[in-house]
Amino acid sequence: ASSVGGKKHSISTDYILKVLGLDVCSETVVGSDMQRGVSGGQRKRVTTGEMIVGPRKTLFMDEISTGLDSSTTFQIVKCVKNFVHLMEGTVLMGLLQPAPETYELFDNIMFLSEGYMVYQGPREDVLEFFESLGFKLPPRKGVADFLQEVTSKKDQAQYWVDPSKPYEFIPVSKMADAFKNSRFGRSLESTLNVPYDKSRIHPSALSKTKYAVPKWELLKSCFAREKLLITRNRFLYIFRTCQVAFVAFVTSTLFFRTRLHPRDENDGNLYLSCLYFGVVHLMFNGFTELPLMIFRLPVFYKQRDNLFHPPWVWSIVSWIIRVPYSVFEAVVWSCVSYFTVGFAPSAGRFFRFLLLKFVVHQMSIGLFRTLAALARDIVVANTFGSAALLIVMLMGGFLVPKDQIKPWWVWATWLSPLQYAQRAISVNEFTATRWKKISATGNNTVGYNVLHSHALPSAGYWYWLGVGVLIGYALLFNIIVTLALAYLNPLGKAPAIVPDDTENTGG
């Protein structure tokens, strides 16, 4: 069946969906605090399926019924039982006082109390063992409740039914000794003492690599997932693209070419303002990556710690998958605004304008992904993100020209990526032929005067220098993201404060 063409998933994935009863919601988002998704029981089963869809056949599940009703717990345990029986898995599950229907789903019982192994063996034989000690399950009493109370000093007496001798409290240690000497304990010991035949070991029984599949397969799997997530979140990306087109339309009508002419420095300042606004808008557009990254971090940390994939695979794929989107946004902004505003009518300068918009958007995405990966909290990340935008804008070289910044803050301008973007896009425009006519206020050209009045360079190489620095920033930010994802852990919850009982309170 897995060789049939056109299958969306592998046969193993479809089989696990059926076994866990998730086929009815396979196309439903899991959901979050703000988005309704699958139910609580289905979410628990999604986590189980996420772990068993690979080569893992052994699961350790502790208190999975927390926060769930008995019906939902029964459904989950039933699905796990299907996995054990149909896929030959092994599950060690710890539950506190399960319902009788849930208890009947277990094959074997491991009964622990006060650090002792009171019983381990088939579920059907546990009552027979306690009857051999003189205790019997009364009618209409759940076995799980009986097992919890039969070891309690306060509740044990009500189950005593041996008429041959009076009741005397049997501690847990004596129950454990009785189990070792019973046929149930001896049967278990004989099973454990049989030496394993090493000739039956399968070559694939032990993993010799850290990850189950090759790196190339991991890259393809992560790429397919990122593509699916972008498809599911297409409304967000379509809305963002429409927003870019709308803002570009408003900008082009505000700086309309019929009202702008490359005649003097006043017109040049308006052109420079339009160029600056376009760069700043694309920087702001990358801010939406910050909450998206924060939202995805919990799932990433879980999968990273369970060795689903290395952090660099996830980081590289999530970066590459956004490159076409950055190209599309740069094309939309450039096509709507460039010729409408009336920038230099040259094909070469248009494509350089387009390239610069692309690298600015990539740098912005990398910047906010870095803040999200380092902060790991939406409130902290938003605070630092807003501060970073303000500082980058302030040191960008337009609001305050570089030659007017105090000497002790000049160094910060060289760290601002917006300064390099502003210099590159300004040089690309004001070194055009139409800006090379001699100004009426001096012997220099109009373009030179506009650039010089804002402390911007006029050499042509500054365009490629700015593009190179922005690409370097994008690479640097994504390297930092990768390192943060590899070595940082999710922020823990605030620990409870336990008062010191021995402290003298003066009461």
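We count from 1, first residue shown onward.
Each Cβ is built from the backbone N, Cα and C atoms, and glycine gets one as well.
For 97-149, the entry in TrEMBL reads domain 'ABC transporter family G'.
Look at TrEMBL and you will find 218-430 tagged as domain 'ABC-2 type transporter transmembrane'.
Shown for the domain 'Plant PDR ABC transporter associated' (435-498): DSSP residue counts in helix, strand and coil, namely 36 helix, 2 strand, 26 coil. Residues annotated as domain 'Plant PDR ABC transporter associated' in TrEMBL: 435-498.
Under the heading transmembrane segment, TrEMBL lists 235-255 (among others).
For the transmembrane segment (275-295), the residues of the chain that approach it from at least six positions outside its boundaries are 32, 236, 240, 243-244, 247-248, 251, 322, 329-330, 333, 337, 343, 356-357, 360-361, 363-365, 367-369, 371-373, 375-378, 381-382, 385, 389, 392-393, 396, 398, 418, 421-422, 425-426, 429, judged by C-beta separation under 8 angstroms. Feature annotation from TrEMBL assigns transmembrane segment to 275-295 (among others).
Under the heading transmembrane segment, TrEMBL lists 307-325 (among others).
Sequence annotations record features per position, and here TrEMBL assigns transmembrane segment to 377-400 (among others). Listed by sequence, the residues of this chain that lie at least six past the ends of the transmembrane segment (377-400) yet keep a Cβ under 8 A from its Cβ atoms are 272, 276, 280, 283-284, 287, 290-291, 294, 367-368, 371, 409, 412-413, 415-419, 421-423, 454-456, 491.
For the transmembrane segment (461-488), the residues of the chain that approach it from at least six positions outside its boundaries are 300, 304, 310-312, 314-316, 319, 352, 355-356, 359-360, 362-363, 365-367, 369-370, 373-374, 376, 417, 420-421, 423-425, 427-428, judged by C-beta separation under 8 angstroms. Taken from TrEMBL, the feature transmembrane segment applies to 461-488 (among others).
Across the domain 'ABC transporter family G' (97-149), DSSP helix (H, G, I), strand (E, B) and coil residues number 21 helix, 14 strand, 18 coil. Within its own chain, the transmembrane segment (235-255) has Cβ neighbours under 8 Å at 270-271, 273-274, 277-278, 281-282, 285, 288, 325, 328-329, 332-333, 336-337, 340-341, counting only residues six or more beyond its boundaries.
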